[in-house]
Amino acid sequence: MSSLSRELVFLILQFLDEEKFKETVHKLEQESGFFFNMKYFEDQVQGGEWEEVERYLSGFTKVDDNRYSMKIFFEIRKQKYLEALDKQDRAKAVDILVKDLKVFSSFNEELYKEITQLLTLDNFRENEQLSKYGDTKSARNIMLLELKKLIEANPLFRDKLAFPSLKASRLRTLINQSLNWQHQLCKNPRPNPDIKTLFIDHTCGPPNGARAPPTTNPLVGGLPKQGTFPPLGTHSPFQPAPPSASALAGWMANPNPPAPHVPVANGPAALTAPPNPATLLKRPRTPPSTTPTLDYQSADSEHLMKRARPGVQPVDEVKTVNYAGGPSHPQNNASPDDLPKNVARSFNQGSCVMSMDFHPIQQTVLLVGTNVGDIGIWEVGSREKLAQRTFKVWDITVASMPMQAALVKDPAVSVNRTVWSPDGTLLGVAFSKHIVHIYTYNGASDLRQHLEIDAHVGGVNDLAFSHPNKQLCVITCGDDKTIKVWDAATGRKQYTFEGHEAPVYSVCPHHKESIQFIFSTAIDGKIKAWLYDLLGSRVDYDAPGHWCTTMAYSADGTRLFSCGTSKDGESYLVEWNESEGAIKRTYSGFRKRSSGVVQFDTTRNRFLAAGDEFQIKFWDMDNTNLLTTIDAEGGLPASPRLRFNKEGTLLAVTASDNGIKILANRDGMQMLRGLEARAYDANRVPAEPAVSKPPVGNALGAVSTPGGGGGDRPNSSSMAGTGMDGPTLNMGGSRVRPRDRVGNDHSGMDGGRTPETKPRIPDEIPDRSKNWKLTEINEQSQCRSTRLPDTLPPNKVARLIYTNAGVALLALASNAVHKLWKWQRNERNPSGKATASVAPALWQPASGILMTNDISETNPEEAVPCIALSKNDSYVMSASGGKVSLFNMMTFKVMTTFMPPPPAATFLAFHPQDNNIIAIGMEDSTIQIYNVRVDEVKSKLKGHQKRITGLAFSNTLNVLVSSGADAQLCMWGTDGWEKRKSKFVQVQPGGRSPSMGDTRVQFHNDQVRLLVVHESQLAVYDASKLDRIRQWVPQSPFTAAISNATYSCDSQLVYTGFVDGSVGVFDAETLRPRCRLAPSVHIPQGVSGSTVYPLVIAAHPAEPNQFALGLSDGGVQVIEPLESEGKWGTGPPADNGTASGVPSGPASGNQGSDQTPR
């Protein structure tokens, strides 16, 4: 509803109140939701009219809108319940408990149980908290004070608690002004006219004889033929004439006019006028220009003159303005041959792609979001996945109650929209539940968390960046029917736009000259437009199809298009005359019944493309007939999603089986070939000074690139363009040097100049490895380290895991007791994340209970413990030889138990796409696929000979890899749980046999490489084939057996514990040691490392240089490098002919991973 229509409601409310239509007044207040009458509300509460109280409230909020609303409804229903108990009306109290209060049990089950127990008391005042409850009247008054505070604090009631200041009988005054105006236009105005009706315009002539205006009079051209008073908007309470010319141009040119009322999008909006029409015609007019958004009048009266009278062509106005997309639109020279039609690349994302966006500067970098909440960044030229992030809540402690409830009820989360900021330094992700994530992107794999916003109640359906007031903002819309604007730097909310009556589906920010505005569409088919103010919607149009619609401008910003699909499957692609709010042309060529919502995009200011009927369909913007179609060599879904890059040379299209196809035109093909050539050159010639050691590559193009020779620059071996310490990366034609987290440039001492001399042959290479030394840390002063406080009896730490938010550590001791340490947000630790600089607190709920596993008929010291944490950190699944227990992480209470032994569970892993599915490794060597929700084993996998010791899921490969005490690896397809492949862990000649001892597995961030850990070795496998890529066996200075190992969160390092008490930090790409931490760093003085050693090791989910140790003496230690160092040592330079096996695939970037196992 437009702002003037809203004001009309206030005028009607004033009129009804003055005329004593009391019930109608409050009905209109409730139905419009514009004014909350606190006095009426108080009267109803004090009178105990509970049904009317809730009915009136329902016009402004619902129970689950926010925590304030929830508290308001709870207090009202609690009071109603207590009054029924006070009257000894048990039947009514039970009815209220079941029908009204049950809804709150999902948010606070303990409170609901406590309320239920009041039924067992003869007098509920026996409850200590209710002992001061007085009589009904005083209780209602006390509750009213609380309700008023909640209502005033509730953002949904903002600007709705005060009635605007109006002169008495304002509506009558406006009608009188309108009649006076009409009278002045009479041919022969009579003195003291007798006006008997408002249903038709006043005239002093014959009954139906208003004089026809001369066509040269712009005043009359702006007046309506009929209507009590001028229409207030397209969907005002009075049905207006069709939208007039320059409507949208009018409000964009005059966002804050000097008149008492803001002009709305359509119809004559000025409610006052000069006493004589001649005075209007004498006012100077600004000379016309070709700018389509300027309104040449200077105030509302002139604005009215511009409006076209229905059925009458306004004179001179149309000729002075070139409307967007009109005949004056310059002809584009692009040819249909310039369309990207040829398949140049194909790759697999691993899950169904929901949204894509090309980088605005790096034309071959593609951002992708999926239906399981993952995002990935691809360099399509090399088919390399630069970075990937799985969905997780970064900080669950600041999440709203509705959001936490939604994630607990159904943890599955999908990406609805991914988009780059205009300069490509930020990217935004809108998820299907509440959250928006903003990342900073610095090229290559450098993707870092920036903002997490609990943006909307329900799904966040769209996201866009914009620059109102020269400040970068994030615009979101959601299921809560609102559009919100956020500061992209701080995450502070700047605007909330309310007015849609259905969930908002999409947003389209734009600007004309200096006017910034936002188009929005809702699933009821309404299109609205908003300025960056709080004056309401300026436009209210209907989209064809009346359902899901998206809008987009042509690249030059002059033409506006929308594409949508109706509930019946009818699809519409149209161009709008945005000035009139009318459809200019409708494009044909869609099939009659689309199976999904059709997506579209524009390119080169000339072409439109949409995915429909398993094809990509193209149109010329100036021709409604279908231009051409392509099937991209087949394999497309019914309604493929698509996205052009900025120049229109590439087109990304979703394919079946979680794939993406890149289509290219001639220029796009040349660009991709150029990237391949540069990548090949980069493999052959590193970006280093001529005096440095050249790379040595094998037949498959792997490159070993040493770093610079001085300072703190790390040396590492990696593929060209990969890894944190890799060489210069070619992206879209420009060269980007990766930087590590502390800002060190690893491209060479001279800034990465390409040497002019040819690389020397291996015989000429000096052996620089003699100058390299392993970084040794022997004292606690050489790093940051803290031993976590513990008041419970010490027992060796059997399992250790960080929460996904990175704010806590959870340990499972050998006595089956869990310990949880939480870091607090304070001045020393403003982020509230886990850190070695600040000690956390050992946390327990107020009840003081311990989270203890079932140990009936078992000896926990001899059992194999196992633990797994849900993605949202809400609950943990654990076992210590007995039943598997599901704990609530907030209360430590057991929610359920299942799988009683024998056999006992020995390993647990949540399915990455469904938290209700758990893979459970068993003591009898089987793996059970268990559905928690239905309490049913879906499948039982057999292939090992001994107990299961490791499980890891891969989203990309859609497989589960298991490891056992039999040193065997098995790969299972997650679609039908069939066994695909198995292989025994290999051993080098002379090495320890892996036939005994536990084997653990963990996927790299790329979801293809697999880390295999055994006491005798570290190994990296290509999981798609179960082929070993490289292997490391204990050797000097690490000669003891391996106790545990894990990838860092960015998969660049491997943290490894040894039974002699030492810890090694290895380069994940080469499995070469970078740093050794002596036992003295983390073991108390006077204790031998052979007695106390790290049993388990965990990596922080967001800080790649932080890890935690669970020690055999029961201690837990968090360790980080010194802030001055910022990293763990440097890797050795690669040797020629290194026995590293087949080179690994590209690194995927700094993804915050789940803890081992994943």
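Glycine is treated like the rest: Cβ placed from N, Cα and C.
Note that TrEMBL annotation is computational and uncurated.
These figures come from a predicted structure and were not determined experimentally.
Feature annotation from TrEMBL assigns compositional bias 'Basic and acidic residues' to 737-768.
What TrEMBL lists as compositional bias 'Polar residues' is 1137-1158.
As annotated by TrEMBL, domain 'CTLH' applies to 34-92. Mean model confidence for the domain 'CTLH' (34-92) is a pLDDT of 92.
As annotated by TrEMBL, region 'Disordered' applies to 275-343 (among others).
Per TrEMBL, the feature region 'Disordered' maps to 688-768 (among others).
Summarising the annotation, TrEMBL assigns region 'Disordered' to 1121-1158 (among others).
Residues or ranges marked as repeat 'WD' in TrEMBL: 453-496 (among others).
Sequence-distant contacts of the repeat 'WD' (941-972) (same chain, at least 6 residues past either end, Cβ-Cβ under 8 Å): 348-351, 372, 374, 390, 864, 906-909, 911-913, 919, 921-929, 978-985, 994-1003, 1006-1008, 1010, 1012, 1014, 1021, 1023-1024, 1026, 1157-1158. Annotation source TrEMBL lists repeat 'WD' at 941-972 (among others).
Helix, strand and coil counts under DSSP for the domain 'CTLH' (34-92) come to 40 helix, 0 strand, 19 coil. Here the repeat 'WD' (941-972) is broken down by DSSP into helix, strand and coil counts: 0 helix, 19 strand, 13 coil.
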